[in-house]
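Participant: One structure, pasted below without further comment.
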Amino acid sequence: MTARIGVVTFPGSLDDRDTQRAIRLAGAEPVALWHKDKDLKQVDAVVLPGGFSYGDYLRAGAISRFSPVMDTVIEQAKAGLPVLGICNGFQVLTEAHLLPGAMLGNDHLHFICRDQKLRVENAETAWTGDYRRGQEIHIPLKNMDGRYVADPYTLDKLEAEGRVVFRYVDFNPNGSLNDIAGVTNEAGNVVGLMPHPEHAVEPLIGSGRTDGLPFFTSILKKLVNA
Amino acid sequence: MSRTPLDTVEHAAATPDVELPWAELGLKKDEYERVVEILGRRPTGAELAMYSVMWSEHCSYKSSKVHLRQFGEKAPESDALLVGIGENAGVVDVGQGYAVTFKVESHNHPSYVEPYQGAATGVGGIVRDIIAMGARPVAVVDPLRFGAADHPDTKRVLPGVVAGIGGYGNCLGLPNIGGEVVFDACYQGNPLVNAGAIGVMRHEDIHLAKASGAGNQVILYGARTGGDGIGGASILASETFDDAKPSKRPAVQVGDPFQEKLLIECTLEAFREKLVVGIQDLGAAGLSCATSELASNGSGGMRVTLDDVPLRDSTLSPEEILMSESQERMCAVVEPAKVERFLEICEKWDVIATVIGEVTDGDRLEIFWHGGKIVDVDPRTVAHDGPVYERPYARPSWQDALQADDANKLPRPATPEELREQVLKLVASPNQASKKWITQQYDHFVQGNTVLAQPEDSGMIRVDEETGLGVAIATDGNGRYAKLDPYTGAQLALAEAYRNVATTGAKPLAVSDCLNFGSPEDPAVMWQFAEAVRGLADGCQQLGTPVTGGNVSLYNQTGEAAIHPTPVVAVLGVIDDVARRTPVAFQEEGQLLYLLGDTREEFGGSAWSQVIHDHLGGMPPAVDLERERLLAEILISASRDGMIDSAHDLSDGGLVQAVVESALLGGKGARLVVPDGLDAFTFLLSESAGRALVAVPRSEELRFNDMCGARGLPATRIGVVDGDSVEIQGEFTLPLADLREAHEGTIPALLA
């Protein structure tokens, strides 16, 4: 048996097909989910992909968070459904309060696209089991609004509880506080990050590395072994 | 213009003496008289609006048409061409049932007036051309030219243009995989913002812009129509800038990439369900263009009710609605039984769609407003029978003196130390420096099929995941070469793009172009244009790569000062398996460096003459297209058979530029020996065409040499990949760290 992983398409989602491909390459079955549809089609996990949902109007993720599909995602995530938010998906998760903090515009005010070095800080989440804590990986990053911020209390709490999952190494591409690239919720089933693991799954394509594949094999193992 | 009474066809016929503002709309007196002659009466205000935009230089190609015919007349036999010149974009067969459509267009004038929106809507327009052919857009490229890098206005224009391209293309989910950034004082006040796009489809999915079948419904879908961009094509793109005239800002359109993304998905879904008979995007000249082109390309006429067009501004007049260039709109012709499903798909994607008319069995385009007929024309007279000018052209009087001012006679570096300093200065010069600060503002990963992106020699996209089939695209142009000799300059642009595609391992198949020139009313500029077109057409014939379409941008001049003639050439190639692509970066220490081709003393128009001597004169490098073809064949074979691990074309900046780029990208240095018969200066800095640098694994050296020998291609072993510096034995050594600082520091220091 394999796991079924849903990928939500919002209007303006861009990396939804790429994420489906990454799920397929990891050996799981991708399931397309539509933002107007509350039905999650009984998937075992959900990915909110990158892009500019609703054109990033108002604030990145601010409108998508009210899509019908998100009602179900929020409800089930609170009940333990594994959810991964990539880039715009991460922004949606913070807007939906499934993850703490928020994303502001990059401190240099430009869009930035680069192969970014990260350190895995937490290999215990639903999505990072196939990494080692402290492992350094390269994952493509591309965004306009990637500066992670939170109030000092929240930051301290995240750090104390080990809920910073990824940190930027050598170069902070957007001014994120504490070099934070990704965080998780208390239960560890919801993870959000700005870099795009789905663009590092084939040796020839994109960054030419496969450092992102463990995201998808991690969740597959967790689901199949559960 | 007074709005009462409505200027209907009847009213126009009854009031022959009413003066219309034809001059304000950009028409010449004789052009207006021709309209009157065609109609047998004065045009209505709405008809005048349509003729004025459709007969503008930008839409009608009236000055360039007589020259552009050569692309058809000299077109080489090619099995690859599925759709040629004249449609929204050409279509090329790339095998395995796939077809690729690609095109380059200019958005020069709007980008100077309003850099962000001008560049953004340039991307939007070219992408809609691609969708209109039935293809899914898979990549964009952006050849850009600006004034001097240190000019204050470049700091206004460039960041806006780059942010606009990124802001629009990134939001559409299209990887930006190639293009160029060139600085030259001649583009001050007339930056060139060219935008190219590639789309992929199956052969059976090709769609054309035509309205056939009486009773079929005409559906306008996408954004509402607003007052932006009115007269963009006629006023903005077809006249020179002049300080005395009022600001042209209202003629620039405003883009909304989110709306365009929905338009792409919605259109592709309608194609998949075979709901569309004909389709046309709304770009320059908006509804005037879409209705007249659809009607004139089909078998019948068309009736349109303008009152049904959804408006952003309810006060717009019918003339303004016809001329508006509001972005993100398309027009589809759909059989009556399929209209409901088409509208459902639009609703799914939250795209506004409205039936605005239908195809008739007559041959007239009729447009109604408030119950009155305000347009009644033969659509062909609007879309295809515009004026054609045989503009006078003459070789400029200064051309001989320019060519006699030989760059080969400029003082050369006298010592190895001086040569080293000049090399360092060159790789740090704005044109030769790394453009990473710019390209990292573009998404090149999205869609997950990018095999190569800038700074590689060509961008490469995987088309089929199973077979590895891919396509490559390169765009090149060198205004300095073309200024010295437009015929040769155009062929050099073609040769470079062709070579760049082959360097990455792909086989060049077809050509698109964007021809950027000054005012056609200047005989010297017209001569440059005629020569460049002749050169390009001859070159394409010889290389066997047909021109599939393109774009002409004239009036790129401020006052008397025209830009350098700048034909930008895009070459599309195909590769059977992207796993065999060849990158620029050095891969492994110990690999042998070979210089392919012949190096002569050719410095006319070179980067060296510009950077060291601020000089432009002499003759550009000689072109040998048979040699280019042979070089390409060798590069493709070597890539397919695994004989080379990296390759880089030699162009501006010469060999040393290529070595430095390959070394910095690979993080590995090189030791070079000046070959017998060449001096170090010529070896490193000459810009002879038809050359490439390749890195050959030692195990492949024999086989590679045999192949080059058997085919008659000069291949000279010049060194080895090694260490952490670029060393020219007996001359100088430059550590990679110094080179990186010089090469990568320039652009951020100027623009960030």
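Placed from the backbone N, Cα and C atoms, the Cβ positions cover glycine too.
TrEMBL does not curate its annotations; it predicts them automatically.
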Participant: Taking TrEMBL at its word that B:TYR61, B:LYS103, B:ASP513 bind ATP, choose the one of B:GLY26, B:GLY477, B:GLY550 listed for that site.
Facilitator: B:GLY550
Participant: According to TrEMBL, B:SER106, B:HIS107, B:ASN108, B:HIS109, B:ARG128, B:GLU325, B:SER326, B:GLN327, B:SER553 bind substrate; which of B:GLN253, B:GLN399, B:GLN403, B:GLN491 is also listed for that site?
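Facilitator: Candidate listed by TrEMBL for the same site: B:GLN253.
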Participant: Can you tell me whether DSSP puts B:ASP281 (Mg(2+) 2 binding site) in helix, strand or coil?
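Facilitator: The residue in question, B:ASP281 (Mg(2+) 2 binding site), is strand (DSSP, three-state).
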Participant: Would you count the other CB atoms within 10 A of the CB of B:ASP129 (Mg(2+) 2 binding site), including those on all shown protein chains?
Facilitator: 25
Participant: Determine which residues of the chain contact the domain 'Phosphoribosylformylglycinamidine synthase linker' (B:24-62) at the Cβ level, with the cut-off under 8 Å and only residues 6 or more beyond its ends counted.
Facilitator: 1, 7-9, 11-13, 15-16, 18, 68, 231, 233-235, 237-239, 284-286, 288-289, 292, 317-320, 322-323, 367, 369, 374-378, 381-383, 385-389, 520, 552-555
Participant: With every protein chain in view, how many other Cβ atoms are within 10 Å of the Cβ of B:ASN108 (substrate binding site)?
Facilitator: 27
Participant: Sequence gap of 6 or more, Cβ distance under 8 Å, 3 or more pairs: do the domain 'PurM-like N-terminal' (B:86-201) and the domain 'PurM-like N-terminal' (B:456-575) meet that?
Facilitator: yes
Participant: Measure the Cβ-based neighbour count of B:ASP281 (Mg(2+) 2 binding site), defined as the other Cβ atoms within 10 Å of its Cβ.
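Facilitator: B:ASP281 (Mg(2+) 2 binding site): 26 neighbouring Cβ atoms within 10 Å.
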Participant: For B:HIS58 (active site), find which of the binding-site residues B:LYS103, B:ASN108, B:ASP129, B:GLY550, B:ASN551 come within 10 Å, Cα to Cα.
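Facilitator: Hits: B:ASN551.
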Participant: Could you give me the DSSP helix, strand and coil counts for the domain 'PurM-like C-terminal' (B:588-725)?
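Facilitator: Helix/strand/coil tally for the domain 'PurM-like C-terminal' (B:588-725): 56 helix, 25 strand, 57 coil.
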Participant: In the domain 'PurM-like N-terminal' (B:456-575), how many residues does DSSP call helix, how many strand, and how many coil?
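Facilitator: Counting residues by DSSP class gives 45 helix, 42 strand, 33 coil.
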Participant: At 10 angstroms around each C-beta, which of the binding-site residues B:GLU105, B:GLU325, B:ASP513 has the fewest other C-beta atoms nearby?
Facilitator: B:GLU105
Participant: Provide, as an integer number of angstrom, the distance between the C-alpha atoms of B:TYR61 (ATP binding site) and B:SER106 (substrate binding site).
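Facilitator: Here the two Cα atoms are 13 Å apart.
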